[in-house]
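Remarks on the structure that follows.
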């Protein structure tokens, strides 16, 4: 390896919005980063996954404006 051309590889502290923090090695220029989700709070990994959109766009439209169109013709 050539000297002086490779970025410095150092420890980085990552803190999640849930409060979980862990350390990893990276060439990132920062000493710490903030994450929105991690494996401790992500719905897929926690098993608390929920279906956000059960209906389609047409169902959502009919739910919002169905009462308006059914009254007059």
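Including glycine, each Cβ sits where the backbone N, Cα and C put it.
Copied over from Swiss-Prot, here are the features:
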type: BINDING; residues: 16, 18, 38, 41; note: Zn(2+) binding site
Under a criterion of Cβ-Cβ distance under 8 Å and sequence separation of at least 6, what residues of the same chain contact residue 41 (Zn(2+) binding site)?
16, 17, 18, 20
Check: same-chain CB within 8 A of Zn(2+) site center, minus 16, 18, 38, 41:
17, 19, 20, 35, 37, 39, 40, 42
Fewest other C-beta atoms within 10 angstroms of its own C-beta: which of the binding-site residues 16, 18, 38 fits that?
18
What does DSSP call residue 18 (Zn(2+) binding site) in the simple three-state scheme?
coil
